[in-house]
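Here TrEMBL flags 321-332, 376-388 as compositional bias 'Polar residues'. Positions annotated as compositional bias 'Low complexity' by TrEMBL: 340-351. Here TrEMBL flags 405-480 as domain 'U-box'. Here TrEMBL flags 293-409 as region 'Disordered'. Marked as repeat 'WD' by TrEMBL: 1104-1137, 1313-1347.
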Amino acid sequence: MNTTTTTTTTSAIATATPSSQILEHTAAFISETLSQIDLRQRLYSTLRCKLPSSLQTSLKPINLAAETLESAISTASPSIRSFSLRRAEKLILSHPPNPFSSLLLSLIYGLSRRPLDASLSLLDLFQTDPSSARSEIAPLIFQELFLVHLLPVLQSLNQQRLLILSSSPPNGDDDKDEYSICDESVVISCTKSLSKMSDDQASELKELETRYEAVVDENCKNLAKYFRQVLENKNGNELMNPPPVMLNKTEKFRMVEYTREQRIGTGEELGFKNGRYNPIWSDGERSVEFLGTSGSRKVKSPPFYPQRVSPYILKNHTSSKRLTTPPNSNSDSEPDFLLDNNSVDSSSSSDSDAEIEEKNRKMSLFESRQRRTQKQKQPISGESSCSPDRQMAHYDNPPGGGKHTPPKDFVCPITSNLFHDPVTLETGQTYERVAIQEWLDRGNSTCPITRQKLQNTQLPKTNYVLKRLIASWQEQNPGSAVNHSENPYPVPEQMTKPIVPSTSPNSVISRATIDGTVGELRHAINNLCVSEILKESETAVLHIERFWKEANIEVDIQAMLSKPPVINGFVEILFNSVDPRVLKATVFLLSELGSRDKTVVQTLTRVDSDVECVVALFRKGLMEAVVLIYLLRNSIMNLVEMDLVHSFILVIKKKEEDLLKMCIKPKTAAVLLLGQIFESSEEELVSSIINTLISEKAIESIVASLEAGWAEERIAAIGILLKCMQKEGKCRNNIADKAQIAPVLESFISAGDGDRFKIIFFLSELVKLNRRTFNEQVLHIIKDEGPLSTMHTLLVYLQTALQDQCPVVAGLLLQLDLLAEPRKMSIYREEAIDSLISCLRQTDFPTAQVTAAETIMSLQGRFTISGNSLTRAFLLKRAGLDKTYKSLVRMDQLSNFSAEGKETFLEEEKAADNWERKMASVLVSHEFGLLFEALAEGLKSKHEELSSASFVSATWLVHMFNVLPDTGIRGAARVCLLKHFISVLNSSKDTEEKALSMLALRSFIHDPEGMRDLTFYIKDILKGLRELKRSTPLAFEMLKVFSEGQDSSSELWCHKELVQVNCSENGEVLSIVCFKDKIFSGHSDGTIKVWTGKGSILHLIQETREHNKAVTSLAILSAGERLYSGSLDKTTRVWTIGNEAIYCVQVHDMKDQVHNLAVANTVACFIPQGIGVKVHTWKGGSKLLNGNKYVKCLALVHGKLYCGCHDSSIQEIDLATGTLSTIQGGSRKLLMKANPVLALQIHAGQVYAATSTLDGAAVKIFSTSNCSMIGSLTTAMEVRSMAISSELIYLGCKGGTVEIWGREKQNRIDTLQTGTNCKVICMALDSNEEVLVIGTSDGRIQAWGLS
């Protein structure tokens, strides 16, 4: 067919469109889209699929922009929303425009309250992809704005279709009758039109449709450009005319001017139902008669499909069978008939003037009568209704007003006949099965009305609801014409033949049985509705139930039972009956009816008391009522307030065989309702429900729902179990042991995006088990049992998942990939790790960052029985702080292996170590350590969760270098992370964080380049290690490594004077002790002073003088936070230590001067004025020990008293047994001078004794285990006091000197000077061994700190 493209103006049909109208319709579309997440996701998915390959490179940033937009929509913070919208807009504008980006921009501008920009962006979509825009994205905008301008296109299309359909020659008189139309009918008979159409005609029509689509697309682009100009014409001073319309036609087109009302009517006439073009309802499918060239015979144009006739097209049916046009072309009800002039002329030439005049008169009368009839009729809605609500509305009030006129929804749009076998397509349109099947058989793959592409061309089952409604209507209108024309489809003979009396006895009996059963049913319904006797109504319910279950004859009882009076009768039974059987039958019937007809549900929910009655029965034990509650769709909060959760759990636990078989299984309904409560309730309520589920042992019953036949029940069960594992992880092992994974994986294939992620999240939580071998078994099942390749499915989903979802998907995919021995290359692994790194770096999505860091941390593979990651605790254990690990593991994980023995536990540990090594290897080797760069960025984050998770993940991976082969990646990790680890070690106040940093730094020590880098920060590292040396032996090991070869260097143990205080007015400082952040000093005038390190070191906060004479010694009993002071006034006082002061609570009379004091829980040991040592019990008793020695100093450790004597001897006395052991024997005076033990300290199983320097060793070191001397310190200074730390020995000497010695190698490190020529009488170290405090004979207190 030769065609030409022409244009015509549209001013006759469509006036200029104002900008307010454009803004109104676009704003309505954007508002609706922003309010519905499912709609947005569908639009996103549609546009993603339509992007050409050339634009696929920009898909990733556009997806990111879409995720940012979703975050902006969901957030409640205006500032975050504004920032997210700006970010999304910037992402989109930085890439070439495309339909997807145009839609996103319109939504962004709409949310930003920029309506003009939003409208312009939406119009861009119609310019770039008009086909998708008008059919799939914004069909309503197309209908409201574009359609009125395109009427000439549709008229032209219809004319061309008429020419195609009229091209076949007539087939005799039978065909003439077949397409003839009576003058009183408004429906044209088009029987057998499909079968009569040739293949060439079908092909030409299909080609015409294709060209039509292209013409409409081109016009859409022009109109979109026009609308943009209207919007950009801000002042409104320039008149904007619509653009000319592009036409594709084969004959002359004559424009007709219409009023507004006529344009609306014409739109409907030309095939628009609810504003959409409908080729089935177009004029081109009307039966039109043309005269041949001779004018003697008529060429009939059968319609493409049998259709209703527009009231604007009328034909005068006379014996001559010639076509005439009404003389009144300006009629209000009909426009001029669209025929070319030749047809009209030929028609006129064969008729006499009298005949023409007579025909016109009759036609005018007919038109007038038809107009009056149309005014009386109610308008028929153009909407296609397939829902029960609409169908019932038509049943109650049939459109058209005529008694025998069938509702429009009962008539097939193709055949124009009442439905015989209706089928509803996925587009929501309903057709006669035979007609739509022939449409599909001709090669079409779209819905004839909506033009939407059908995903499945296999026809569904019969729409029995609609079929029953039609049957009910026919019962109410027995005299109605069933069809407007003869049925074009073969009907079974038994359905078309009239019912005649049968001579067969069997048929007579059967007929009588059917009639009797229906009569019985009507009688039961009547009793139910009107009887005032409860027993009769109950019996009626049982009869109706029996009839419902047993009826297999073609009698539709649903319409009879769904009427409001019958439903109210059932409700009255629920209110009044106490018979369980009757109540079950009533609930069963209401559920069956409600599942088939929404009007039943509407009837039940009109009165709140009806719903409350059903709920009350359910609470009382009528478990089948849960199905009815589910169908009523009551609000979830009401269900919670009605306290139905416990009842739901009872139904879930109930065996199916104990419940009625209903349209929905009661357990299914209970699981679905419980799932909805879980989705929409507060966390506190969900936790309470989970505790109930666990205590009621209902978890296994919900696990069984994973195998349910209904996908919705499986998804609901997955949601419930996921929440259970998250809130109460101890049920995880039970779920993993009982769950069938295959049905879960099957659900993933057909689920929506939200449910798909729920399934993935469920599986990822399921593999957080405390037994590594069991974990890997579950992973193998997930990998192998899916209907498709699980790994490929996850990979595809990962590429389109939302940003916050990607880390979970990637983590699961990576675990599945590692089930086999790691290969050199794996697309699954690469994509998974790339996704984790990408999420870590997405600063606009902090939730995704945190999830990614936590996912990496959990990949270490060790979990508690609750599913919490053990990575941090396990690393602390390796760093020497195993208290946290033991507290997490001892009670749950280790107890699981107590019955199985140590062998099983070792097997699990071996499997865990193997998994950890494989996982760390693939993570660190990806892109030569690219992950460390991302983790380093996460460490700098201000979000505590992200920083903490990144720190633990980085520590774990760096620590694993100790067991992984050296591939050079260690250097990349050191460059990214070394400074941060040193900073944490040096400045963090958290001991565990310091220990983790130390563990990570340990991995760099054995690398020459790493050790070289560490030496630049040696002072900071040593400071941190000194703080940890009392907590973990690993710090000692590292200190040894760093001090190797630097024994004489004071830089390693540099001390800095902090403060010096002069207390000479109180005499000598005889004793000093440290406790927590306080320092206590005893003075020779009986004063006790309390100092604090808060703010400035040695800030005096209290001074008390309750002793009359010198305070010679102070001792701390840390268990009770008590301070003990011994004095020459023969008393010992007990003080409680408060926040700001000390208070004397007890005074003990020691009967002798106290020269040195050591205390324990029950006794105090002190050196008296004379010989020996006195042991004083707090109850008042005392005894003398070592009575033949003059004791100079003493120490009390673990129930053993060590005495340093005047004759240089050292004894060990066991206070429990009184046994005395000699560590060092006494000696005679040398050169007439005594050689006393001046100071004595016990540390780490060693005795440090300071004596004179006459024998060359000022300090001797003995072992407490065998009393042998194991070392000595040689110094020329006379030692008066000592203080010993884990690494150093401090010697207080005469002349105001303090010597520092290394405890391990017994080498002198440094010397401190007090600045005066005095004696260092007493010394003490703080609990961290970082501050040394001394007291001198000239009344000074000085403090030094390790710098």
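From the backbone N, Cα and C atoms, a Cβ is placed for every residue, glycine too.
Counting residues 6+ beyond its ends, the repeat 'WD' (1104-1137) has Cβ neighbours under 8 Å at 1067-1068, 1070-1073, 1075, 1078, 1080-1088, 1143-1161, 1164, 1166, 1176 in the same chain. Secondary structure by DSSP for the repeat 'WD' (1104-1137): 3 helix, 21 strand, 10 coil. Over the domain 'U-box' (405-480) the predicted model carries a mean pLDDT of 82. DSSP states for the repeat 'WD' (1313-1347), grouped as helix (H, G, I), strand (E, B) and coil, give 0 helix, 21 strand, 14 coil. Secondary structure of the domain 'U-box' (405-480) per DSSP, as helix, strand and coil residue counts: 25 helix, 11 strand, 40 coil.
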